[in-house]
Each structure stands twice: as C-alpha cells, then as structure tokens.
Amino acid sequence: MLDKTLTPGAFETRLYEGWERSGAFACHPESSAQPFTIMIPPPNVTGSLHMGHALTFTVQDTLIRWRRMQGRDALWQPGTDHAGIATQMVVERLLAAEGNQDRRSLGRAAFLDRVWQWKAESGGTITQQLRRLGASLDWPRERFTMDEGLSAAVREVFVTLHRQKLIYRDRRLVNWDPKLQTAISDLEVESREVKGHLWHLRYPVEGQPGEYITVATTRPETMLGDTAVAVHPEDARFATLVGKRVILPLVGRAIPVVADEYSDPEKGTGAVKITPAHDFNDFEVGKRHGVAMPTILDAEGRVFLGEIEGELRAVEGVADPDFLRGLAGQDRFAARKAIVARLEELELVEKIEPHTHQVPHGDRGGVPIEPRLTWQWYADAATLAKPAIEAVETGKTQFVPKQWENTFFAWMRDIQPWCISRQLWWGHQIPAWYGPEGMIFVEKTEAEAQAAARAHFGRDVPLERDPDVLDTWFSSALWPFSTLGWPEQTPELAKYYPGDVLVTGFDIIFFWVARMMMMGLHFKGEVPFRHVYIHGLVRDEKGQKMSKSKGNVMDPLELIDAYGADALRFTICSLTGPGRDVKLGRKRVEDFRSFGTKLWNAARFLEMNGIAPDPTWDPASATTPLARWVLDAANRATAEASAALEAYRFDDYAAACYRFVWGSFCDWFIEFAKPVFNGPDGPEKAEVMGAAQHVLGTILRLLHPSMPFVTEELWDRFGYGPEYSLIRTAWPEAVPVADAEAAHAELDWVVTLITEVRAARAEVNVAPSVTTPLLLKDAAPESLARAARWIEAIRRLGRVTEVTPLEGEAPKGVAQVVVGEATVMLPLAGVIDFAAERARLLKARGAAEGDAKKIEAKLGNADFVARAKEEVVEENRERLVAAKAEIARLDAALARIAG
RNA sequence: GGGCGCUUAGCUCAGCGGUAGAGCGCUUCGUUUACACCGAAGAUGCCGGGGGUUCGAAUCCCUCAGCGCCCA
C-alpha cells in the first residue's frame with residue numbers, strides 16, 4: 001500500500017543506484033539500434049551544481065531518457081574539463097590557506113602533483129551532484145580533458161594544425177591579465193563600466209615654444225610608451241602640425257604627429273596619443289605609420305623602463321628622466337597618480353574631466369587587462385571557421401531556436417586569431433621544443449622533437465620545451481570526438497559521431513558551439529552535432545540574474561531536498577519555453593510539487609481499488625465509452641507529448657502531461673470510474689479496471705523523462721515491470737480505439753451536463769447538502785439514454801437524485817440550464833434564489849446574444865462570404881444557428897420563471 | 001553605434017491570420033471514503049501606443065515608446 005503522502009527522499013537514491021547498477025545508463029556500441037548522442041558540455045572540474053546546471057542537465061536528461069525509451073541506443077557522454085585558470089587558482093588558494101609555499105617556490109612538478117591530488121579529492125563534486133538530479137549519464141565512460149587519451153588528441157591536433165600552418169607563433173598584442181600573469185582570449189575579457197577621468201595633456205610642439213597639441217586620454221600612465229600623436233587627416237585644426245614632432249613630456253623623446261583616420265575629431269580634443277604596445281587600436285595605427293612599439297609595463301603591470309631607457313632626455317620644464325627612474329617598478333595605478341601630479345606641476349595638464357567608460361577586465365582575475373606585446377601561439381580561427389559557417393548556412397547543423405544562428409554568424413564571420421597559449425602550469429603543455437638558432441620543433445613527443453632536431457642540425461642539440469599550456473577551450477573543442485577515442489578509430493567513434501544535439505546556453509555559443517564545430521569539421525569532416533538547442537538563463541523570480549553578490553542564488557540540491565528532484569525537473573520543463581530565460585522562484589517549485597503528489601494519490605486510489613498491471617489486457621477490445629474515451633485521450637496526450645519533445649518544446653510537453661493527468665484522468669476518468677469500482681463485478685468493471693491500469697502505465701511512461709523518480713517508483717511498486725525497468729520501457733504509442741469519436745461525444749455531453757448543473761447550483765446559492773432530480777425538457781432519445789447510462793456519475797458529481805424526461809408542465813421554482821437541444825430543470829422550489837437565477841439566465845442569454853451578433857455581422861459582410869475559406873463560412877453559419885437556438889431556449893426558461 | 005529578443009488576466013507565460021487561453025494568485029462555497037500539495041464555482045483582458053495590409057490582425061508589415069540581452 002502506497003503511503004498517504006509522496007516522500008521523494010524515500011526512494012530517489014535507491015532508484016538512482018538501482019538504475020546505475022543495472023547498467024541502464026549505458027550505451028551499446030555493439031547493438032544495431034540507431035544511436036542518439038548527447039555530448040555533455042563538460043562542466044568545470046572546480047564547479048558545483050547551480051541552477052543553470054539544473055536547467056541544462058534537466059533538458060538533456062529529459063531528451064536522453066525519452067530517446068532511450070524510443071529504442072535509440074542513447075549515449076550521454078559525461079565528464080569535466082580541467083579549467084586551467086580556475087583550477088590553478090583554487091589550488092593556489094589552497095596552498096596559501098595551508099600556509100604552504102606558493103606555486104613558484106614549490107616548482108612545476110610538485111605543484112601539478114598537488115593539483116592532481118586536489119582533483120582526486122574534490123574534483124568529482126559536480127558529477128556526484130548530477131546524480132541527485134537524476135541525470136542518466138553513462139558514468140563508466142566519464143572523461144576528463146587532462147586524461148591521457150584526450151591529451152593525446154590535443155597533441156595530435158596541435159601538431160597537425162601546426163603542419164597545416166593553421167597554428168603559428170606570433171608577436172602581437174594580447175589581452176594580458178596582470179594578476180594571473182597570463183594571456184587570455186577575447187572571450188575571457190568582459191567590459192565593465194568604470195568611473196574614471198579624461199585627462200587632457202599638453203604635448204609641446206618641437207621647436208615652437210609655447211605651442212602645444214592637446215591629447216585626451218583615459219590612461220595617462222601609458223604616455224611613457226607613446227610614439228606618435230594622431231590627428232584626423234581632414235581636421236583643419238591640426239593640418240599645419242602633421243609631419244611636425246612633439247616632445248613627449250616626462251620622457252623628452254620627440255614623436256611625430258601623424259594623420260590617421262582612427263583619430264575621431266568629435267572625441268576628446270581630436271588629437272590622440274598613440275601607444276602601440278599598450279592599446280589595440282594604437283597598435284594598428286603604429287603599424288600603419290611604422291613607429292616604434294616600446295613596452296613600458298611589465299608582466300605584473302608595473303612601470304618598466306628597459307625599452308625606453310636610452311631615449312630619456314631632460315628637457316627644461318617638460319621632461320625629467322630622474323623622476324621617471326623613480327617610477328620604475330611602481331604599480332600602474334600608483335604610476336598614474338604620480339605622473340598626473342608631476343604633469344600638473346609642469347602645467348602640462350589642461351583639464352581633467354570625469355569620464356565613465358568601459359574598461360576591459362579579466363573575467364577570472366577581475367582586474368583591468370593590460371594589452372601587452374608578447375609571443376604567443378595562435379590558431380587561424382578565420383580559416384577554421386569557414387566550414388563551420390557553411391555547415392550552419394546549409395543546415396547541416398541547425399540552431400533551435402533558429403534566431404541564434406545570427407549570433408553565431410556575426411561572431412564567426414568576424415573572428416579574430418585565437419590566442420591558444422596560456423602562461424599557466426595546469427593544462428596541456430604545448431608540444432613545442434626550442435633549439436638553437438631560434439629553431440622550433442613541434443612534435444607529439446620529446447623524442448620526436450629530438451629526432452627532428454637531429455635531422456635538422458645533424459647532431460643532438462639541447463632542446464627546451466615551451467613552458468606554456470593551451471587554452472582549456474582548445475581541449476573542450478575536441479570533446480565530441482576525443483571522448484570517443486579519437487585519434488584511434490574506435491567503434492564508438494564510428495557510431496556516436498556526429499552527435500545529435502548540443503544543449504547549452506546562448507552565452508556559450510562562442511565557446512563550445514563555435515569551437516567544437518571548427519575542430520569537428522576540420523578533423524572529422526562532419527559536424528559534431530546536428531542540432532544546437534539553446535536555452536535561456538535561470539533568473540530569480542524577479543527576473544534578476546542569480547549571483548552570489550546579490551544573494552539571490554538558489555541551491556538546486558536544497559530544492560531537491562525540500563521538494564524532490566522530480567518537482568524541480570518538472571518545474572524546469574514547464575518553464576522552459578523557446579528563447580526565453582527561466583524565472584524560477586522557490587514558490588514555482590513548490591507549486592509544481594503538487595503535481596507529483598496528485599499523480600501519487602491517483603495511483604494510490606487505483607491501488608486501493610485493486611488496479612494492477614495486466615499486460616494481456618487489449619485496449620482494442622474496449623467496448624464501454626468510458627474506457628474508449630480515456631484510451632483515446634491517452635492517445636492524444638501521447639501524440640502531444642511526442643510532438644512537443646520532437647520540437648524541443650519542453651513547456652508544451654509538460655503542459656500536455658499536466659492537462660491529461662490532472663484535467664482528464666484525475667478530474668473525470670477516476671470520478672466516472674468510482675461508481676464502477678464500487679459496483680458489482682462484471683465485464684464493465686473488468687474493462688474499466690483494464691483501462692485504468694493501461695492508462696496509468698501510459699502516464700508513467702509519458703512522465704518518466706521529466707519525472708523519472710516518482711514514475712519509476714510507481715512502476716516498480718505496481719509491478720508493471722521488474723525493479724528499475726521503467727527507464728528502459730518503450731515510449732507509448734497510440735493504441736487502436738474503436739469508435740473513439742462516439743465515446744468522445746458521449747463523455748463530452750456528460751461532462752457538460754454535470755458542469756452546467758454545478759454552475760447553476762453554485763450561482764443560485766443552493767447548499768451542497770441539497771440534492772435534486774433533473775427534468776429534461778425537449779431531450780433527444782440519445783440524451784436520455786446517455787443520462788441513464790451515466791446516472792451514477794451524474795448523481796455523485798451533480799448532487800442529483802434522478803434524471804427523468806419532463807412530463808407535462810414545468811413545475812414552479814426551477815433552475816434551468818441549456819445543454820445542447822435539451823433544457824435541464826432542477827426543481828428547487830423553496831431553496832432557489834429567483835433573483836439570482838434570473839440574473840444567471842440573463843447573463844447566459846447576453847453571452848449567447850453577443851456571440852450571435854458578432855457572427856451575424858460577419859455573415860452579413862458580402863466580402864467575408866465571398867472571400868473567406870468555405871469551411872470558415874460554414875462553421876460560422878453553424879455557430880449562428882446554435883447561438884440562436886440557445887437564445888430561444890434561454891428565453892423560454894426566462895418566461896417560465898417570469899410568472 | 002550595430003544586432004537580437006520582449007511588451008497578452010494581479011503574477012509567470014502559451015497562442016503568432018478566422019469563437020482570447022493555461023498555471024499560480026484572488027473571491028465564494030465544500031470534512032461526497034485518492035489527494036486541503038484537495039474539490040466545485042466565479043471574477044478579472046483597449047493582447048504597449050499609432051498607422052497599414054486583409055473579408056478578417058493578439059497573430060503579418062511599418063512606426064513610436066518602454067524593458068532586457070549580446071557585440072563594438
């Protein structure tokens with residue numbers, strides 16, 4: 001006997017372990033079944049489950065469970081990525097907290113040992129938490145981007161792309177994070193609005209005492225590296241100065257005034273200082289004009305004079321080398337203050353304006369990034385992107401919703417060289433060895449590099465490996481095939497590549513989607529996935545992004561503890577519409593929990609009535625309208641649920657299930673079945689019981705993808721199959737139902753009758769304890785027959801004693817409702833509130849009249865009749881006839897109570 | 001500045017050419033032996049504003065306004 005209340009905590013862990021133990025999550029490479037593959041976008045190994053994960057993995061698990069039930073050989077590939085910067089930061093913090101020596105004094109090898117140790121201890125957090133959510137990942141296949149196999153794939157890809165000249169070394173400006181002291185990619189930089197200043201600085205014109213050109217800058221400290229001043233070629237104000245030189249204050253170096261369209265006459269003073277080694281735009285200007293590009297800040301963002309030392313000159317009232325030497329080694333922000341102060345003393349500051357502007361920050365380190373000229377490894381993203389763009393253009397990969405393709409195209413068509421090297425220790429060390437004479441040997445192993453060097457030099461030479469590692473996304477980009485064993489040709493690779501769908505948020509289109517597409521197409525010649533399903537972000541109930549600083553984060557595990565994983569998952573499905581963010585408050589989960597409870601209680605009621613699975617029961621044999629009706633409704637729900645999942649409409653899927661279970665099965669089928677269950681044994685009872693067990697089974701299967709736990713528990717408890725077997729039971733299909741239309745019409749009539757009677761009673765204030773007979777006026781024989789067949793249900797649900805045709809005159813004191821052709825009377829003399837009854841009838845008449853008028857107007861329009869589709873015109877004609885008939889019956893009813 | 005999305009019942013959102021919907025909330029009633037995480041009934045809408053296309057517009061087009069996001 002089921003407990004009175006649903007307690008998800010009582011079975012979730014047991015069921016998950018049962019599934020996992022029985023191998024229910026495993027794919028079957030050897031089977032001939034059509035595969036269905038989802039590659040998990042690997043979560044960060046440092047991560048723990050947050051609501052965004054709950055959303056994305058609920059969606060993925062729903063798809064995987066559904067396709068698995070459809071008989072597909074489902075592979076949901078689990079694993080995590082090594083998260084270079086994040087993990088290194090975590091372990092460095094750990095070392096500091098333990099009072100240990102820092103990474104550099106520990107040494108690379110010892111530090112990496114410590115990272116692996118951390119990974120072994122704490123790296124599996126999220127994979128454990130995913131189990132709480134019910135995620136049916138194929139755990140024995142779990143991969144980690146630093147695994148040997150995946151690392152081999154990384155080396156293979158790097159060496160191959162290098163040979164193809166799609167990976168190269170270059171010295172150009174990179175986004176440098178002075179805190180983490182590494183290059184980072186454009187995507188790891190986020191703009192933050194900062195309240196700063198716009199400093200207007202005077203640069204004296206060479207040889208023309210008292211004349212200045214004023215430049216405006218937000219970063220005065222970079223002036224040490226200025227090598228030009230740019231003005232717009234058509235800016236008349238500066239026309240005479242172009243080609244002249246100005247003296248760089250403090251430094252004393254003379255630098256040219258150049259004409260360049262980069263300078264915007266509308267902005268600042270119209271003249272802009274050019275610091276090629278410290279600004280991306282200035283770098284381009286500098287290249288165009290062939291000026292020097294000295295670096296004046298070191299890796300930690302401190303003033304560095306090494307590259308301008310030789311050019312320092314003392315100029316009276318303008319430049320002061322001794323002051324500059326005193327700045328060496330100072331932090332960039334301290335230097336800014338000192339430089340501004342000194343320039344003010346020299347009266348070279350014209351004015352200082354408050355200025356709010358966007359400053360690029362490193363998303364991990366959180367400090368302003370510093371563009372820096374360094375040697376780095378780059379991937380030729382533009383070349384790699386071309387096939388990826390084409391794959392989306394030709395529909396080989398399709399985005400759902402489609403509008404995200406624009407975002408993808410916009411970024412991919414303007415893609416910049418991808419800086420793939422990072423000055424970190426944790427990650428895939430770049431397989432490049434440096435030898436004498438600037439020779440670089442890119443090989444998969446040190447032995448091969450040495451062999452290559454020997455071949456080149458004709459002797460053994462000392463080689464030094466590049467200390468840097470690759471961007472984590474470089475290895476993530478290979479995930480769709482590296483996890484399947486590539487570069488080995490494995491059966492898994494043959495079967496599960498390309499995958500079916502990648503599920504992720506729009507914020508990740510550039511990271512996973514774009515890079516997996518580029519690498520997949522280049523190395524496999526096929527797209528890595530056919531669909532990209534983009535879902536929204538999880539926000540709080542007010543629509544705010546969840547963040548620790550706002551204090552509005554919700555912990556999915558805490559919600560699971562409180563309401564069960566099914567409640568959370570079903571809530572997520574219900575709220576996940578296309579292209580929309582998900583506003584999720586605790587209350588929403590609490591509300592949807594009641595759906596699970598409703599299902600549980602309905603099952604419990606059936607159990608109390610001896611309903612048990614009967615696989616031999618044949619739906620096609622059903623003869624009673626009730627059985628046929630519920631089977632037909634289940635067919636419809638199945639079709640709706642399947643179509644919704646096919647279209648990634650998780651909201652429609654959840655709504656279809658909800659409507660059917662609550663609105664049809666519980667509200668009407670069970671209520672209609674009660675008199676049958678309480679009645680005598682016989683064929684009718686047997687058939688309704690048969691239909692009940694059949695449809696309950698269908699419901700459990702339909703709901704399993706989104707509510708795996710409660711459905712499996714009920715499935716097992718009822719004995720629909722062995723323990724833990726629902727997960728591998730077939731997805732329902734429509735069953736044949738004879739004369740479904742007739743059953744539908746009959747049940748609709750009964751439902752309408754009961755609903756109308758209830759409404760009339762409620763509106764004329766009849767106490768629930770009062771029961772009445774129903775008198776049917778003008779009822780067709782069919783209606784009388786239906787009333788007779790359903791008398792028990794009508795009694796029960798309509799507070800009715802009996803239903804009889806009206807003989808002779810209508811009694812005094814009746815409440816009346818129109819049901820189809822019949823007028824139903826409830827003799828309620830003495831209890832009826834006549835004023836209320838009259839008002840009710842008038843209101844119904846008003847509604848019918850309003851309808852009739854609208855339709856008459858439509859049909860009176862010659863254009864409508866001539867141009868609208870025939871079936872629409874016909875439908876309106878029928879509706880008009882029905883509305884007029886209803887008005888007539890209501891008029892008669894009103895006349896009856898008038899006296 | 002460029003692009004995308006949103007604006008429908010108190011709230012959250014479906015609907016996207018042919019009778020305005022759901023869930024929650026609200027009001028009233030209810031101990032009918034599955035369920036008060038329940039049942040019954042009810043109220044609530046210039047479908048953001050304005051123009052256009054159409055026999056017909058919440059739905060298509062234009063425009064304005066407000067909100068949000070992405071990219072510069």
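Any Cβ shown, glycine's included, is placed from N, Cα and C.
TrEMBL lists A:15-584 with the feature domain 'Aminoacyl-tRNA synthetase class Ia'.
In the predicted model, residues of the motif ''KMSKS' region' (A:545-549) average a pLDDT of 77. Feature annotation from TrEMBL assigns motif ''KMSKS' region' to A:545-549.
Summarising the environment of A:K548 (ATP binding site), the number of other Cβ atoms within 10 Å of its Cβ, over all protein chains shown, is 8. Mapped onto three states, the DSSP output places A:K548 (ATP binding site) in coil. For A:K548, the entry in TrEMBL reads ATP binding site.
Feature annotation from TrEMBL assigns domain 'Valyl-tRNA synthetase tRNA-binding arm' to A:833-897.
Taken from TrEMBL, the feature coiled coil covers A:866-893.
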Per DSSP, what is the residue count of the domain 'Valyl-tRNA synthetase tRNA-binding arm' (A:833-897) in each of helix, strand and coil?
61 helix, 0 strand, 4 coil
